[in-house]
Structure formats: structure tokens, C-alpha cells
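Over in TrEMBL, the protein carries these features:
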type: DOMAIN; residues: 1-177; note: domain 'Josephin'
type: ACT_SITE; residues: Cys14; note: active site, nucleophile
type: ACT_SITE; residues: Cys14; note: active site
type: ACT_SITE; residues: His116; note: active site
type: ACT_SITE; residues: His116; note: active site, proton acceptor
type: ACT_SITE; residues: Asn131; note: active site
Amino acid sequence: MDSIFHEKQEGSLCAQHCLNNLLQGEYFTPVDLSSIAHQLDEEERMRMAEGGMASEEYRTFLQVREQSIYERLWQVISNALRVWGLEIILFNSREYQSLMINPINEKAFICNYKEHWFTIRKLGQQWFNLNSLLTGPELISDTYLALFLAQLQQEGYSIFVIRGNLPECEAEQILGFMRVQQQQRPRLIGEEAQMSAGYTEMGVGVEDEVVDEDEELRRALALSRQDIDVEDEEADLRRAIQLSMQGGQRGQNETLSPEELRKRRQAYFDRYVRLHTRSLM
């Protein structure tokens, strides 16, 4: 895990962190991205000025160009990736979905909600959530990846597929011939310190919390072995994920209502996270 490059959140530099975590190195600085943004702005301004700098269209452009933060960041990220010969494709577009590609066969995803951007990338044969708001990389199983993407979409995230050859990196070389296990999932930045302070005030150490979590996990896994056929559950989970991606189709003439689909997806999500995520990570 130490070989994985992971920039943590500083200020409002999530676009920089997203790109660097994707490329696995300090490839972009705020100055670099600012330069790209300035270049894009000048190119757009020149195009708009072709109709005359006194035109209503040009004046409107000058008034609103600073307001479209999302569009500007998307263009900056897209242009920055183009430098490396990488293409960015909307994951839930009709064109991409028609290809019926299993997410685990891709190389990386970029996720965006409002003004926050983060990367999910495959290194070796394993997937990692490289969100800069986390204290470190988060290992994601192949099965959980599809569920995670579906959950992000439900929460309003835009997801983009990264196509092209990513630059070589140390983590890719090391994880190419070995798999890692994650005993404890990373927390959100700031959450770990708050929890540690809270436990200290209550006279409870962080180690006690880890022991309690391990005991809870053992009980959950024991229960799952008694009551659940794991292979059947995994197959059932994959069917639920496929239903969620396809809008809830049951058969040719029958569909799930949006409310039924939401409840079923949430039930599978809660059960999977409870019984599987910690053990896989």
C-alpha cells in the first residue's frame, strides 16, 4: 500500500489531487491547471469575439464565464488528460452503456459531485478509491466496485471512464505480481482525530475500538456462514447490480418501480457492506 501515490486534500485543490492520484505522481500543480484554465478562457474569448466585441453574445459571455465552475473544471481536467493521450468518457452515457463493458475491465474512473473530484483506479489486479478526502487509499473488491459506482450514481455523482495508456508507476509494477490486503479501512480526513479525541475523553483507546470491530466482524462472518450461501449471494448481488444499471428490468414485460428498485439496491448495499466489505479489505 505504501507504493501507492495518494495526495490528500489541501484547500480546494481536488482537481489537482484527482489528476495526480490518477497518474500516480506529482504531475500537475495549481500553476499548471491555472495555466490550462487561462488558455481555455482565452481560446473561448477569441471565438466569441469573432462576432464582434460589441455584440450582445460577447457581453453575455464576459458576464457569465466566471460562473460556470463545474464546466471550467471539467474542461481543465479533460485538457490536462489529453496531454497524456487520455480520453474521458461519461460512464452513464447511452453510447458507453450500449457497449455493456464490465467496470472491472476498465482502468480508472473519475467521479464528480458539485465541486469535488476524485479518482478510482486499478493498480495491478486490484481497485483503489483514491479520494483525496480519505486518510489513505481504500481497497475495493471487484464485486464491490460495480455496487460502489451504482451507489455514487444514485447519490448524484457524475462518473467518467478514463481511456488510454496511463503512465507507468511504481505501484503498478509492484501490485502487478502481488496482491495486498487492507486490515483497516481509511477514514475521512479529520474524522480519525475527532474519534481519537472522543475515545480519550471517554477513557477508551483506539485499540479497544479495533478489537470491538474485529469481534463484530467475526460474529457477522460466522452468521453469514451459517445462514447464507456465499456463492448464491454473490450471484444474487451481481443480478441486483445489473438491474440497477439497466433501470430495474425484471423481464421483457415487467419492470421494478423506482421505489422498489431503490429499496432493493439499498438492501443489497447494506448487506454487502455489512458482511463482505471489511473482510475483503
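In case you wondered, yes, glycine gets a Cβ from its N, Cα and C as well.
Just so you know, TrEMBL annotations are computer predictions that nobody has curated.
Restricting the average to the domain 'Josephin' (1-177) gives a pLDDT of 87. Cβ neighbour count for His116 (active site): 18 (other Cβ atoms within 10 Å of its Cβ, all protein chains included).
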